[in-house]
Amino acid sequence: MVQIDLPAESAVRIRYPTLTKKLRKRSTLVIIVGLLLLCIITSTHISHNFSGSDTPKCRSIYMYPSYARIDGFDSRHTKLAKKYHLYLYREQGKDKEPKHGDEIQLDGIPVLFIPGNAGSFKQARSIAAASANLYFDHKSTIQNSNAKNMDYFTADFNEDFTAFHGQTMLDQAVYLNDAVRYILSMYAQSAAYKESNRPLPKSVILLGHSMGGIVARLMLTLPNHIPESVNTILTLSSPHSTAPVTFDGDILKLYDRVNSYWTSAMNDMGSYFRNNVSVISITGGILDDILPADYTNLQGIVPESNGFTTFTTTIPELWTPIDHLAIVWCDQLRYLLAKYILEIVNDDAGGKTATLDIRMRKGRKFFLSGLERITDADKLIDKNLSAPAVDFSDTESVPENHLLVLNSSESMSTGYAFNISKSVDYSFEMLTSLVQFDIFFCKDIYGKDCINGFSSFSKVPHSTSLQKFPTDSSWGESVSPFRFISLNGSLLQGFQIIVFQGSMKKKEDFVLAKYSDDKSIETASDGLWKLSLFPFRMSLKNKHSFVHGLAFPNLWSSLISFNLKTTFSDEIDSMFRPMMRQYVNNPYETKWHLLAASSSHEINMHNISPFIPLDDTIDKSLNLMFFIPPGEEISLRLSINWKLTLKMLYIRFRLAFASIPISIIALVLCYQFYYYDSPDSKFISFDTGLMNVLNNHSLLIFLFLSVGPIAINHKAILTLLHYLDPISLSKPSSDSHMLNNNYMLGLRETFVWWIGPVFFIISVALLFIILRLINVIEFAVIKISSAITRYTRITFPDPLNDMTHHKLLFNNRQLLGVCFISLGVMVYVPYQFAFILVSLIQMWNCMKLAVFTNRNNAKYSNIHNYNVSFLMLTIFMIPINAPIVVVFLRNFAIRWETAFRSHHNFLAIAPTLLLTLRNSQCNIPIIKNRMNWLIVVSILGYLSFYSFMYGIRNLYWVYHISNILNGVLFFLTIL
């Protein structure tokens, strides 16, 4: 094929692109590779089962639920009373049930559960039942003298699709603010409160699941929010940092508004937010296949003084990943959530919660491993200094850098003492299987002014040959977890001696402790490029220590998973089996791996991720912390796990299967219109255009896809891309250390250069599959049409011979349809619904033209090729518009009679509607001059560029650019 410039005269012969045999072979190879990649990613996503620490281990639950509908919360109190409802959960046999069948008794502290996308109000029952059981049956285990039973209210949103529709999310937030106002007023009428003279509640604890967590944060930004009515928010699998789908512009605008509002409020040191409001985000991690766990990060929105993000694998005595739906009913988690809530309430205060400092300290205790830097401030803070009941003269002194090993009752003396050096280079570490013991940190060597440090110990999984998973020693199991503490020199400043005392009641009990200046963390410089060729190998052995740290500062991408093989001798009579803590410092993700003599462990992390803001000052390392019995030697082999890597690509780049194909279609249309530069030109077919684009420009395309996503990771380029974006919702951070890449694929690591080409090849294969499906349907229609003509002698009139279609812009039937659809969009239905109807019309246009093209190819070839290309673009616009249609139909199904209060812009569908109707008359855009041609090609080029550069995070705007294109094409059909 020879490329030429635009001809000066129409008489110049043009060599149009054709499908040569060589070109077909090349294109077939690309399609086969694309289909193979698609099959590999799909099969790994479906068939690959998680193992080890990623195995789901939630226990089943039971409860005795009942729900009291709050009928008094009607249209007098909220305009949304006919659409939504409010319920009060009551655990049968525990909570006070309504008197006389309808008189609700409130005597506790209010909690409001907010369901997520398509969620049910009944999902509150698991945590509500756990709270009731814990308070009424096990109150002695609650470390809070001001605890009170909880009243769980739950919102019934009729399983609304919150994630798809911004107006729905806004409606829910408005309704819930009205609900909070009504709930607080109910307590003012409560007989129990009147009789006890207790302070009336002035705030409500919010518990949100999935999008319910975003609705909770949105509530505090609205005009109808009651000031200081919310100070505690707990969210489960809620995408705080970025919207999980980008089909609706209202959702993106709400996200931008909410996050900007919260960031500003939290940066104001004197605001109510900064001094009172806490947010804890809990995610299930790798098992969440509904939304990427990366999106739950609060970094940059809420400071660590007010909240944090944690993973269920991090939480002590939970230690299991949880999927998106199970996170509301997982037995271990619901118990910990219920216990946390009961320990942070204060029935004697009007706000009904403890101070922000107490809530955050309790939050770190319950939901972090205790080994994070942020938890250091919570250790050794007991203000009640006292003298321990230990005879210090009878203790055995343990020298510095000496490992204390106790593994039998005969080896225990009265106590063991560690003298503390003034140097901050020393640290103290201790691991034990004992359930109860005393350890005192004293400010003088005589045992006065001491703190009992037992509560500063962290619980870690019990690891012996009998345990296969970390959850084998989680809450509710018969095996108790180990306890571990690590204190650096700065935390020990002010103390002079550590005294340990305990008794071993079991044969397998042990104690390991050491006060030393040994540096137990080694750094491995291996990066992904080296690791892809040569696995990392290392042996760990130290007779004088039991903790070994290994940091990989160059392994930080969440997109790459690893495989760690461990080998050690199982012949040594060890006190415990070696185990490993895998962790990153932000967000707070920890996974525990119990090691076998020869075992393989999958390493997947949520660290630096696409589209998530990055603080370049934080430690990004992948860290491995090994607990090894003294004398044991472990061999390590770390390599890339390609199977798990491919599996995890799908959940992070699902939207790319819409944006990249649209980019390719626009590029092919641009190529087609490049040659269709006059009324006498030939409009080449879609497959011819696509194959020639691949043949002539594949090198340039692959170079752009490989280098582009990585090259833009510079603050100046990101700022430029922001200003080139016509909607510009993702504003560059004012913090010079924050980097937010919302463009292309959001990649940051050069090693993943191949992701762009992979998705491009898959997208090409998808386009050919869809094109062939259209061809098959057309073939069937042609056969049916021929059969009808043969047996009934009914002939279909040739539309190009009917001169009336040249005289009239639209016929009467089309005008009636335009008026009907226009009125419907402006009054009741969203324009997306009209788009689905238009898509069906365009499909019919192509089927009709296939019949006429079969009769007279020369006459109808251009029109048919043009309509098929337009149909391809229309098909990939359907996923962008379908979610809003689903929301609309859901509202219609529940008989919500109020008009759909968004997406009634008739101009958002008019160009596409009018062009489709012109297509049905067998009209094709007429390129009369170079300016017409330049406008069409420029818009198509921009659509292709925008869809790839900005499309994943702004899919809704891709549709609007396409709609503008359709308006231009419609104008060209009437010239």
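For all residues, glycine too, the Cβ spot is worked out from N, Cα and C.
As written in Swiss-Prot, here are the features:
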- S210: active site (ACT_SITE)
- N49: N-linked glycosylation site (CARBOHYD)
- N276: N-linked glycosylation site (CARBOHYD)
- N384: N-linked glycosylation site (CARBOHYD)
- N407: N-linked glycosylation site (CARBOHYD)
- N419: N-linked glycosylation site (CARBOHYD)
- N488: N-linked glycosylation site (CARBOHYD)
- N696: N-linked glycosylation site (CARBOHYD)
- N867: N-linked glycosylation site (CARBOHYD)
- 27-47: transmembrane segment (TRANSMEM)
- 655-675: transmembrane segment (TRANSMEM)
- 699-719: transmembrane segment (TRANSMEM)
- 751-771: transmembrane segment (TRANSMEM)
- 818-838: transmembrane segment (TRANSMEM)
- 868-888: transmembrane segment (TRANSMEM)
- 932-952: transmembrane segment (TRANSMEM)
- 955-975: transmembrane segment (TRANSMEM)
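Most Cβ pairs within less than 8 Å of the transmembrane segment (655-675), among stretches 751-771, 818-838, 868-888, 932-952, belong to 932-952.
Taking the Cα atom of each, the residue listed as 'active site' and N419 (N-linked glycosylation site) are about 50 angstrom apart.
Candidate glycosylation sites: N49, N276, N419, N488. Nearest to N867 (N-linked glycosylation site) by Cα distance: N49. Only sequence-distant pairs (6 or more apart) were considered; of these, fewer than three Cβ pairs between the transmembrane segment (868-888) and the transmembrane segment (699-719) are under 8 A, so the stretches are not in contact. There are 27 other Cβ atoms within 10 Å of the Cβ belonging to N867 (N-linked glycosylation site). According to DSSP, N49 (N-linked glycosylation site) sits in a coil region rather than a helix or strand. Long-range contacts of the transmembrane segment (955-975) within its own chain (CB-CB distance under 8 A, at least 6 residues past either end) are made by residues 245-249, 252, 655, 658-659, 662, 726-727, 809, 873, 877, 880-881, 908-912, 914-915, 918, 923-928, 932, 935-936, 939-940, 942-943, 946-947.
Beyond the ends of the transmembrane segment (27-47), by six or more residues, the same chain brings 643-644, 646-647, 649-651, 690-691, 694-695, 758, 761-766, 768-769 to within a C-beta distance below 8 angstroms of the stretch. Considering only the glycosylation sites N49, N407, N488, N696, N419 (N-linked glycosylation site) has N488 as its nearest partner by CA-CA distance.
For the pair N276 (N-linked glycosylation site) and N407 (N-linked glycosylation site), the C-alpha distance works out to 47 angstrom. Each of the recorded positions N49, S210, N276, N419, N696 was scored by the number of other CB atoms within 10 A of its CB, and the lowest score belongs to N49. Counting other C-beta atoms within 10 Å of each candidate's C-beta, the glycosylation sites N407, N488 are led by N407. The separation of N488 (N-linked glycosylation site) from N407 (N-linked glycosylation site), Cα to Cα, is 25 Å. Secondary structure at S210 (active site), as computed by DSSP, is coil. Annotation note: N419 (N-linked glycosylation site) sits in a strand segment as assigned by DSSP. The two recorded residues, N488 (N-linked glycosylation site) and N49 (N-linked glycosylation site), show a Cα separation of 39 Å. When secondary structure is read from DSSP and collapsed to three states, N276 (N-linked glycosylation site) falls in the helix class.
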